[in-house]
Amino acid sequence: MKLSTLLQQAIPFYTAVHGEVNVTGISMDSRKVSEGDLFVCIKGLQHDSHLYAADAEANGAVAIIAERPLASTLPVIVVDDSRTALAQLADAFFQSPTNQLHLTGVTGTNGKTTTTYLIDAIYTHAGIRTGTLGTTGLKVGDSLQALPNTTPESLTLQQAFRDMVDQQVTAGIMEVSSHALVTGRTRGCQFDVAIFTNLTQDHLDYHQTLTAYQDAKRLLFASLPAKTKTGKPTFAILNVDDKASAGFRDVTQGLVVTYGLENEADFSASQLVLKSKGTTFNLKTPDGFFAMTLPLAGKFNVYNALAAAAACFVNGIDSRTIAEGLENVPVIPGRFELVNAGQKFPVIVDYAHTPDSLKNVLDTAKELTEGRVIVVCGCGGDRDRTKRPIMAKNAVDGADYAIFTNDNPRSESPEQIFTDMTQSFKGETAFEVISDRREAITKAIHMATDSDLVLIAGKGHETYQIIGKDTFHFDDREEATMAIQTRDQNEN
Ligand SMILES: CC(=O)N[C@H]1[C@@H](OP(=O)(O)OP(=O)(O)OC[C@H]2O[C@@H](n3ccc(=O)[nH]c3=O)[C@H](O)[C@@H]2O)O[C@H](CO)[C@@H](O)[C@@H]1O[C@H](C)C(=O)N[C@@H](C)C(=O)N[C@H](CCC(=O)O)C(=O)O
Ligand SMILES: Nc1ncnc2c1ncn2[C@@H]1O[C@H](COP(=O)(O)OP(=O)(O)OP(=O)(O)O)[C@@H](O)[C@H]1O
Ligand SMILES: N[C@H](CCC[C@H](N)C(=O)O)C(=O)O
Ligand SMILES: [Mg+2]
């Protein structure tokens, strides 16, 4: 593609001619530039890649987008905000794939991955081909491919949507993280439906304040146009039981559809009966009531189901198909996932890594057992330090016994993380620290009696542990299975 054609399509009002070249790809990482790439310089928090323009040129870049003039033999196009330009260039380069899909974006602190899986289950049940993108990767049909982030950079995103369209996907479903919104990763995406799950504390290392975090989430709703390019209305699906929704309602041009359990809403549920293998309830939609069983434990998952139901309903799926789709959702990796290795007590692996999700999941665990709840959890390094004492407090308050352990300490000292977690404790005794996660899981499973429940929280589907700069294979589900087996051997 000619550089001038790409620029004219991507950057409105672009007129200047800086020398014509043929662009065969786009790159934002000097280390990954291929011959023929347009290199986009980004001033990030760690690196200013304007300084790597020469490396990019040496690796084969044919032109450069930058936020300031650079001395280079290549054409240099100066823009105000190169991340925005990158999103627009990626959209144009991949021929605006999100205009050829029905696209649903899910934002919120907790429940994004779960809600995307629920929407996927409904669409799949309705015979619609889907592509799902988020924390667990990029899923099209049965193929699952890992992604670098929950919401990747615009280049990866637009490439993924292009692949979806080429594979006859008609419904794209994606998680939209607050980091992605602030850094404009989703700017080229044409959303038909935007969903808000909830807002509680997380990521304050990045956003600094809850207000700034909420402002980041608001961007998704503020950027929703009244109509899509095909002239159809867009929808903002809001949780009426979360007070942040009011601010999103104020800024959106999309039609607002509500869901919730405590306040009047378009989509709600009544007569909830919570069990370990799922929840039965009456789903209320604008079509009436539908008795159903959601095969996911926890009241919080009923919220996720309502959000998913609303998102599919506004896209024309009938309520009976929605209820059946929800009933058929497959196991969501690492989300309240039961590990069964012949033991008599429940062992659950869950991705709770925020104060609110840990509290919710422990409340659910408590409701499901008559014995003790034993929790194994930690807090990620190089992430929000201020959530650590709250998570630790929620763990000791919600469980009968807590074992604090490593959860991706990354560049931080595990001891410092445990100190952050426990320093405000006032004589709490029902906890211990075992930094090695394998030992911690083993201890929890070996100390459990047949009436107890073991919850291993924080890593869910993750198959790694990051300590320092090293990433090791580590899977809570495998570790729990091994611990159950050694427990059996000890007993025999
Ligand atoms: C806070 C955050 O989101 N940071 C992301 C962001 O970093 P940044 O803007 O500071 O960029 P930077 O690392 O300084 O690099 C600037 C530019 O230099 C380039 N570079 C860098 C080195 C080099 O040799 N050559 C080169 O060209 C980089 O490719 C980049 O284009 O852009 C980088 C490039 O894409 C990401 O790697 C980085 O993700 C970091 C590693 C990260 O951990 N992000 C997490 C927190 C994240 O994004 N999480 C969200 C939330 C998940 C949730 O909902 O819980 C997610 O969507 O996953
Ligand atoms: N609606 C909800 N409200 C509160 N907690 C929830 C909700 N849904 C799920 N959870 C809890 O949060 C954990 C993470 O859920 P999920 O992966 O769906 O969220 P997410 O928003 O995608 O998280 P991430 O930000 O890491 O991508 C679950 O394992 C569960 O413990
Ligand atoms: N998307 C979240 C995941 C956290 C998962 C937890 N295991 C950790 O590493 O802190 C983050 O990057 O903050
Ligand atoms: Mg997620």
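Along the chain as shown, the residues are counted starting at 1.
Cβ coordinates are placed from backbone N, Cα and C, and glycine is handled just like the others.
Taken from TrEMBL, the feature domain 'Mur ligase N-terminal catalytic' applies to 23-93.
Averaged across the domain 'Mur ligase central' (106-312), pLDDT in this predicted model comes to 96. The domain 'Mur ligase central' feature in TrEMBL is assigned to 106-312.
According to its DSSP assignment, Gly108 (ATP binding site) is coil. Residues annotated as ATP binding site in TrEMBL: Gly108, Thr109, Asn110, Gly111, Lys112, Thr113, Thr114.
The number of other CB atoms found within 10 A of the CB of Lys217 (N6-carboxylysine), across every protein chain shown, is 25. When secondary structure is read from DSSP and collapsed to three states, Lys217 (N6-carboxylysine) falls in the helix class. Annotation comment: TrEMBL describes Lys217 as N6-carboxylysine.
Here TrEMBL flags 334-460 as domain 'Mur ligase C-terminal'. Across the range of the domain 'Mur ligase C-terminal' (334-460), the DSSP-based residue counts are 45 helix, 24 strand, 58 coil.
Residues annotated as meso-2,6-diaminopimelate binding site in TrEMBL: Arg383, Asp407, Asn408, Pro409, Arg410, Gly458, Glu462.
According to TrEMBL, the feature motif 'Meso-diaminopimelate recognition motif' maps to 407-410.
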**Message:** Is it possible to list how many residues within the domain 'Mur ligase N-terminal catalytic' (23-93) are helical, extended or coil according to DSSP?
**Reply:** 25 helix, 16 strand, 30 coil
**Asked** If you measure from the Cα of Lys112 (ATP binding site), which of the binding-site residues Arg383, Asp407, Asn408, Arg410, Glu462 is the nearest?
**Response** Glu462
**Request:** Using C-alpha atoms only, work out the spacing between Thr114 (ATP binding site) and Glu462 (meso-2,6-diaminopimelate binding site) and round it to an integer in Å.
**Result:** 15
**Prompt:** In whole Å, how far is Asn110 (ATP binding site) from Asp407 (meso-2,6-diaminopimelate binding site) when you measure between their Cα atoms?
**Reply:** 18
**Asked** Excluding Arg383, Asp407, Asn408, Pro409, Arg410, Gly458, Glu462 themselves, which residues in that chain have a Cβ inside 8 Å of the centre of the Cβ atoms defining the meso-2,6-diaminopimelate site?
**Response** His353, Gly378, Cys379, Gly380, Gly381, Asn406, Lys459, Gln465, Ile466
**Request:** List the other residues in this chain whose Cβ sits within 8 Å of the Cβ centroid of the ATP site residues Gly108, Thr109, Asn110, Gly111, Lys112, Thr113, Thr114, in sequence order.
**Result:** Val106, Thr115, Glu175, Thr197, Asn198, Asn304
**Request:** With a 10 Å radius around each C-beta, find which of these binding-site residues (Arg383, Arg410) has the fewest other C-beta atoms nearby.
**Result:** Arg410
**Message:** Using a 10 Å radius around its CB, how many other CB atoms surround Lys112 (ATP binding site)?
**Reply:** 26
